[in-house]
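For reference, TrEMBL has these:
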type	residues	note
TRANSMEM	126-150	transmembrane segment
TRANSMEM	214-236	transmembrane segment
TRANSMEM	256-277	transmembrane segment
TRANSMEM	284-301	transmembrane segment
TRANSMEM	313-337	transmembrane segment
TRANSMEM	386-408	transmembrane segment
TRANSMEM	428-447	transmembrane segment
TRANSMEM	499-520	transmembrane segment
TRANSMEM	532-553	transmembrane segment
TRANSMEM	573-598	transmembrane segment
DOMAIN	658-722	domain 'CBS'
DOMAIN	755-814	domain 'CBS'
Amino acid sequence: MESEQLFHRGYYRNSYNSITSASSDEELLDGAGVIMDFQTSEDDNLLDGDTAVGTHYTMTNGGSINSSTHLLDLLDEPIPGVGTYDDFHTIDWVREKCKDRERHRRINSKKKESAWEMTKSLYDAWSGWLVVTLTGLASGALAGLIDIAADWMTDLKEGICLSALWYNHEQCCWGSNETTFEERDKCPQWKTWAELIIGQAEGPGSYIMNYIMYIFWALSFAFLAVSLVKVFAPYACGSGIPEIKTILSGFIIRGYLGKWTLMIKTITLVLAVASGLSLGKEGPLVHVACCCGNIFSYLFPKYSTNEAKKREVLSAASAAGVSVAFGAPIGGVLFSLEEVSYYFPLKTLWRSFFAALVAAFVLRSINPFGNSRLVLFYVEYHTPWYLFELFPFILLGVFGGLWGAFFIRANIAWCRRRKSTKFGKYPVLEVIIVAAITAVIAFPNPYTRLNTSELIKELFTDCGPLESSSLCDYRNDMNASKIVDDIPDRPAGIGVYSAIWQLCLALIFKIIMTVFTFGIKVPSGLFIPSMAIGAIAGRIVGIAVEQLAYYHHDWFIFKEWCEVGADCITPGLYAMVGAAACLGGVTRMTVSLVVIVFELTGGLEYIVPLMAAVMTSKWVGDAFGREGIYEAHIRLNGYPFLDAKEEFTHTTLAADVMRPRRNDPPLAVLTQDNMTVDDIENMINETSYNGFPVIMSKESQRLVGFALRRDLTIAIESARKKQEGIVGSSRVCFAQHTPSLPAESPRPLKLRSILDMSPFTVTDHTPMEIVVDIFRKLGLRQCLVTHNGIVLGIITKKNILEHLEQLKQHVEPLAPPWHYNKKRYPPAYGSDGKPRPRFNNVQLNLIDEEREETEEEVYLLNSTTL
């Protein structure tokens, strides 16, 4: 028949020759971190996973989507395990949403039957609010614990409080009556290690001893952190945000949000921060909060049995994580919406807001910093900004964009080198070396010796009458009669110039060490180091502008608004703007970042400078590459993530991307009633594909549905155990009615209940722009490519990602004209004047030598046409 001729001409073939199944987690781990490899993961087999059950979507030539609900024939007893997902697989969003609607309809239909059913219905309705409440409570409590422990262990590197060992340096001197204004951090209760060991508080010997103990404690904390991560929870390393983004897009990584990861990440985060490495705790706090959300979701069947609903909880948890990291509940909600969430319905927005509120309330109740604030570096400014200052603010935005582009390229290059060399096989050694270099260089400079959050606090703080920092060492006006809050601009003293020199060295140190620190096998956030770099640059620029205004107040740019003796310039504001610009350059965040920094300062009047700097930073960074650091690490690790922010502007068709391709093995298919149990088991054992299209027969090749490998295996094993008469020669029937069989034939096995009767299909002429958009918005894992109902091939999520990567390696000319698609296939007659063979208007025999290429036609890939 014609369809059989089509089959033998190579249109039912598969291209997965090199796929092997991962045999252990070691194949998916790089050192102590997670690395997903497209060529080894089972998720990259014929399909990326399960297909939709319950809703039918069909793409027609016109590009429209027809939707119809189809209820499956269910077995008397559901087969345990059918419809679940393996590790390192992607969920099917459409199927999960259908399951949730079925569950909701079932509960609503029973709630009027009895009071118990009504109670169950109310419990189900309120379970979402309960789980986000518990998540917020746990996130706030853990954040407070981490803040208190990190401060204490950071000060432990310098000394110890003899009166109360659990006090940090500041708390130790609170109750002392022997402190002075200039030396408020010195009190008899606090002893440095030099005083305890050699009995000297001053002198070279004291400095050397404190230096040695500082390095000792830094190396001890770093070694303990990386050892705990390597032994107990490899998933606890890194920031966690790239993996959170991937998980929220539908990917499953068992254990990444488990209780062991939560416990080890909480402990090692304290150790990593206390070691003095150039990292922060804000990014890992999002991972910690998501672990809490994942654990609590298992207490509620509504979320434990539905992967899509569980991801709504994780979106709310990520908002709670940012809320406690920066004391910014609204910024946390926007961060979850803008940066990490893949699916964010309106109900999730409300619950994210509530989770962020609860987490912030708990952290405020704990008051870990003793300043009645949620963060250490909360500041308030009272001096307005002026129009001229937009110019230095924009310059800081340019610096932030350049820093972001440099950091992303340098860090990705170093991480790639780490994976490709032997150095990556020794994560403990790498952490020790980085910690040793950091400690040795950081101690002599007071600004690098400081905890990074304390450094940002000092840079953000405006110089008032009670400030004793060297950054505030200005020459005072001796004629001033009283102390006021707004001190006028003054000439810089020796301390300010010395501080600027030290800040320049600190800036170079932070830039270099952050490149090598982010990505090592300990919990490491990027928010605080990036903000510190921007704050240093901003403070330097702010002091320069301040001195320029003081010495040249008669210039036209200062004359109208900056009078002699007035407080015109606020250097701390420049530090804040620089911090936002550098963080925006690295992450490419915009709205959420502005709101987070606004909540940090509590000043609405500084929204415009922040917006100008952040947008400038993003534009400059995008000029060198549109990826943020998290998207770059997702691509580096090979996670199956389709970025919704990426635009697809190419002109390829579904036929160009689908598998099978030329010279590929035949497509493995099942027939609806002509195969035995042995036939199916042999196909499963001989192939590594994750699913099989079901067709009517080898002759018709018409699509019936789709059966998953996992569901087939579970169903056959269950039938052998529970049903009598099921043997290897039993006929497997996917049809609604069992065909007539001879009397002596064994009992047939009906597997229609596991068959997806509505797999998503597109035609071979569907533009890839539409296909990619559908994959992103519906969360598909695969779709079948058909022509007049006949299966031509399949497109998986992996194929989409490979195609996008290939297109990035080519430079496409200007957009082709409207008649481009008409030219993609050769004319109806060949060069010899004879008609070409066709079937259902599909060109079957394309002769490459006769293809006419013009300047208007674009051929990016070889063998892309039928």
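Glycine is no exception: its Cβ is also placed from the backbone N, Cα and C atoms.
Stretch with the largest number of CB pairs closer than 8 A to the transmembrane segment (256-277), among 126-150, 214-236, 284-301, 573-598: 214-236.
Beyond the transmembrane segment (573-598), the same-chain residues lying 6 or more positions past its ends with a Cβ under 8 Å from any Cβ of the stretch are 322, 326, 328, 330-332, 334-335, 337-339, 379, 381, 383, 385, 392-393, 396-397, 399-405, 407-408, 456, 459-460, 462, 526-527, 530-539, 541-542, 545, 604, 606-607, 609-611, 613-618, 620-622, 626-630. At the 8 Å Cβ threshold, with sequence separation of at least 6, the transmembrane segment (532-553) lacks contact with the transmembrane segment (214-236), having fewer than 3 such pairs. Beyond its flanks by at least six residues, the transmembrane segment (214-236) meets 29, 31-34, 153, 156-158, 243, 253, 255-256, 258, 260-261, 263-265, 267-268, 271-272, 274-277, 427-428, 431-432, 434-436, 438-440, 443, 449, 520-523 of its own chain at Cβ-Cβ distances under 8 Å.
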